[in-house]
Each structure stands twice: as structure tokens, then as C-alpha cells.
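Colleague: Here's a structure for you.
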Amino acid sequence: MMNSPRMSSPSSSAAPPPAANAAHRTSPLRLYPKHSKPRHYRLAAAVAASTRRAGRRSQSWTPPGRRGGAGSIWVNPSAPPRPGATSRTLRRLVELDDLDAALRLLLGGPSTSTPAASDSVPEPPAVITCNILIKKLCARRRLADAERVLETLKASGAADAVSHNTLVAGYCRDGRLSDAERVLDVARASGAANVVTYTALIDGYCRSSRLADALHLIASMPVAPDTYTYNTVLKGLCGAKQWEEAKELMEEMVGNNCHPNEVTFATQIRAFCQNGLLDRAVELLEQMPQYGCTPDVIIYSTLVNGFSEHGRVDKALELFNTMLCKPNTVCYNAALKGLCIAGRWEEVGELIAEMVRKDCPPNDATFSTLINTLCQNRLLNSMLCKPDTISFNAVLKGLCRAERWCDAAELIAKMFKEDCPLIEMTFNIIIDSLCQNGLVNNAIEVFELMPNYRCTPDIVTYSSLINGFSEQGLDEVAFDLFRSMPCKADIFSYNAVLKGLCTAARWDDAGELIADMVSKDCAPNEVTFNILINSLCQKGLIDRAIEVYEQMPKYGITPDIFTYNALINGFSEQGRLDDALRLLNTMCCQPDAISYNSVLKGLCRAEQWKDAEKLVSEMLRKNCTPNEVTFKYANQLFVSNRTG
């Protein structure tokens, strides 16, 4: 990694002086003002002092039995639902994703969590709750159980069209079209089939490339197809590049007084652009007003991107500049791609500056496009004829993310030369990038120079530093900085300091922090819970992690893949393989390679080779691509089979 040149004073527009000697070249991106001023932010000294205090302070953790109060590891915002009716218990079990217990309660069988089991009068199943249960079971490919729930609803006379539609869609997603047809036939005979039911099967046909069956069904439906039904078939025809059939179907759609909508046009325009039929895509765009449709930003982005990728940048810019709606970052990026490919650097700089002025900030895709193109050409000097601070910052962010520190320092020198002042955004880009790369000491140096350039640290600055300290194990420093920062904390700064507290097993402080979040109307989010759950699992406190996991629905938060992977790995590390497998099979999202690998690790440690072999087979059957970790465990299986 190369070091940066020294920078001139912010009040000087002269070229930067020669590089400092080697003894002072300690930072990859350090700024040296010409006239040094007293530092008002003595963060470096605070780091040293806090680290010494942390060394003297004995770490403590909350005993597993302790619950409630500000010192607990979560805050219960409301009392648990009052036990009573079976329907209420069923709803609660479904909300908590305890589908096995919900099935036992609904279908009968042993259960230990049914406070309503003593009710003397049995209740009819709640159709809405049962429909949600069917949907969740279908998502987990437990289709036999989903059909059992439907049969229970039908037996009580409570099944409705949604019940049947959900199961038909579930069978179609699993490729079991004959079962979907069977359920549809039953729904039709009972009068429970509606246009959604037929559309679900049509979608299944299209996904399986059975377009002839889809066209036959839409022509023979006993209920009138709606716009969504036609759009489903149009998507299938366009995917198969059957352009003329798609055109005829749209004409039939209009003839049946079923007016096209924006999705109708977007589906075809996207397909035309993906296949280079750009002029046909524009023809469709021009037809939209005839049907009362207005192109949205997605349609324009698709067209602009299509013309940019095919080198027709002037047409892309013409469409971009005549849009009937406000462009978003995706649309800007599409236009930017065309300008970069054409090497029109001055316009690139102007477009990036316009993005920021119009409150449409560049994102990762912007920087990726920019840096990749620049690196393929002459990097920096060929770009930006009349740059401004915003344009420079956009390029600076891309360089920092690519860890091109020398080029970033060169760009800052160019900013001084072009008389472009450093602003808070400039410092935030540098500080955040340094912290993300573990260079927190360098980030401190940059932070303490901000007042010299008349820049004031904001919540973005502090959050970056707090996160950097937490990642480096400096939890005391992160906590001290969090408590002393002059701006209002947000969810990012709370989560950043929480990470450090949890890593250090400071559960009391973590509990107080979450209580503070709630009291200040800054509700925990998915990241908050994942930090807690992952940290508890890493410390071996898997039961405490489960308690935190069970609080998520009370905050309206759904567990994601990171939540499940942390818990599955926690169970596996403790040899609780039944719990790990149960959670793997009841996830409300699709497991990934990490999910399977965590269980495989435990099975191989326990030498449960047959179970491990079954799990690998399941992984492949569900199209979950193995990675190198999977192959490591597969190799253990191979060796065990040969020696066994």
C-alpha cells in the first residue's frame, strides 16, 4: 500500500508540496494542513486512556437465569398475549413459526404448549390463520402438511378461495403440476376456484415452459381472465422469445376489454431490450398513452440501460432527458454506463454532480461502473474537465472502496489544485473506508483534522468510527465515544456500539443500550437482533439466543438468513443436532450453503455419516450450490464410507 503526498492548506490553491519524509508517512490517506491548529478532538488520547481503563475493568456477564429490567439482553415492549382461545394460540404459534406445534394443535396429537387445550367447546379453525399456515408450509415445501390443513378447513366448511389458491401456487412452485391441477379441479367442483386459482396454475405452466397448456387454460377458463393472468402468459411467451404470439395475446387482451397496464408493457420492453430489439421496445413505449399508461422509472431505466449497453448513448440520453418521471439512482447509473463506455468524461462528471444535487446519491453500482471504466482507460486525469467537490467525492468513494489509497491521495491533491474545498462528505468517505479496512488509527488522524478545514463531524462520522472501534475490539473506546458525541444517535450508531459490547460479553451494558434505544423511539431492527443472537451463540449461550430470537415478532421483525445461520451454527457447535436440523427444516427463508455446512459440521463431528450423506443429497436436490466447505465435509464422508 502506497502512502499519500502531503496536502496544502485549505486556503491555498497551489499544487501540494513534495511528499513528507518516511518517518512521517504513517497514514495511507493523511492530510497535512499548512498551518497546524490546536486539535479540538483529542480522540487518539481518548483511545489510549479508554484502553487502559478497559484493561483494569473486570468483565462481567449476566447470569443466564436473570431476566427483565434494563440489564436484560432484550426489552419486552408488551406483555405476551393472554392465553385463552385455541384460535389465539394457533395464531401465536404461526407468528412464531412453530409450525409443528401449530399442526399438532390444529390436527390433534401430543402438545405441551396449548393453554387452550382445556377449553370445553372446540372452536372452528380460523381461516386467515390457517391460510397463513398453508403459505408458510408451502414455502418450506411441506406440501403434504399444507394439504392436511386445507382438508381440515374443508371439513369445517371454512375453506375459501385463498386456501385453495395458496396450495395451488405452492405445488406449482415445487414443479408438482399434476397435484396443482388436482387441487384446482376440487376447487372448481366446490365453487372455490376464482381467477387467482387459474392464474396460479397458468404461472406454473409458464415456469415449466408448458406454454401451450398455459394458452389452452387461459382460453378455456370459466371465469374471465384479468390483466394479471394475461401478464403472466405474456411473461412466459417473452421468455421463450415468441414475439408474435405475445403480440397476438396482447391484441386478444384488448379485444376482451381487459386493458393492458404498466406491467404489461414493462414485461415486453424488458424482453425486447435484453434481446437487442431496442426499436421495438421504443414502439411499445410510445403506445402506452393510448391505454392510459404512464411509463415509470423502471421502464425508462430498462430502456436507457439497453441503449447504453448497445453503444447508442445519444438515444439513451435522449430518453433520459425526456422522462415523464423523476429518475432514480438506477436510471442515472444506466445513463452513466453509456457515457463511460463512450469515454465522455466531462459529461460523466456533470451527471454525477447532478445526481447529488437532485438528492439521488451515487451507490455501489455507480462507483463500480466508474472505477472499472477508469481503470480500463487513463484513470484520473482524463476525467472531469471542470470538476466540483461533489464530483470529486463520488470518485474518491470508489477509489477508497477499492483500497486504491495512492490514487485517492492523488485525487485529494487534485482537489486542492482545482480549488475544490474538502467538505464533511469528503472526510466521511475517507474515515469510513479506513475503518472498514481496520485502519482505525489512520481514521483518527483524519477525524482530528476536520476542524482545520472548517468541517464538523456528524452522526455519519461518529457511526463510522464507533463501528471501526467495535470491530477492532475497542469496546470501551466505542462506548465512550458514543456517549460523548454531540449529535443525536441513530440506529446505525446504536448497532455499532452494541457490536462492541456484545463481543466483549458486556450483557448488562448491552441491555441498557437497547432500553435506551426503545425509550428514545429508535426501535431495534434486524441488525440489532442479529448482533445479539450471533454474539450469544459465539459465547455458547444458545438458549439465551433463542430467547432473543423469540422476541423478534414483538418488534415486527422477521428472522433472516443471518439469524438462522447463527442459531443453527450455535446448536451444531454444542452438539444439539436435532435442534439444528429442526431449525434448518423450519426456516422461513431458503437455507444457503452456510446453513447446510453448519449442520454438516456437527454431523461429521458426531460421526453420523448416514445423516450427513442424506443432508448433502437434500442440499443438491434443493439446488443449493455447495462451496469449498461443503466439499471438505463431503471428503470426510467419502473417507468414512471407504474405511467403514
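Quick reminder: no glycine exception, Cβ is built from N, Cα and C everywhere.
Per TrEMBL, region 'Disordered' is recorded for 1-86. Here TrEMBL flags 1-14, 43-52 as compositional bias 'Low complexity'. Per TrEMBL, compositional bias 'Basic residues' is recorded for 32-42. If you look up TrEMBL, you'll see 160-194, 226-260, 261-295, 296-326, 328-362, 388-422, 423-457, 458-488, 490-524, 525-559, 560-590, 592-626 marked as repeat 'PPR'.
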Colleague: Given a Cβ distance threshold of under 8 angstroms, which distant residues of the chain, six or more beyond its ends, lie next to the repeat 'PPR' (296-326)?
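Modeller: Long-range Cβ neighbours of the repeat 'PPR' (296-326): 262, 265-266, 269-270, 272-274, 276, 278, 281-282, 285, 334-335, 337-339, 341-342, 344, 358.
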Colleague: So what pLDDT does the repeat 'PPR' (261-295) average out to?
Modeller: 92
Colleague: With DSSP helix as H/G/I and strand as E/B, how many residues of the repeat 'PPR' (160-194) fall in helix, strand and coil?
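Modeller: Tallying H, G and I as helix, E and B as strand, the rest coil: 27 helix, 0 strand, 8 coil.
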Colleague: Other than its close neighbours in sequence, what residues sit by the repeat 'PPR' (560-590), given a CB gap under 8 Å and a spacing of at least six beyond its ends?
Modeller: 97-100, 136, 139-140, 526, 529-530, 533-534, 536-538, 540, 542, 545-546, 549, 552, 596, 598-599, 601-603, 605-606, 608, 611, 622, 624
Colleague: When secondary structure is assigned with DSSP, how many helix, strand and coil residues does the repeat 'PPR' (490-524) contain?
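Modeller: DSSP composition of the repeat 'PPR' (490-524): 26 helix, 0 strand, 9 coil.
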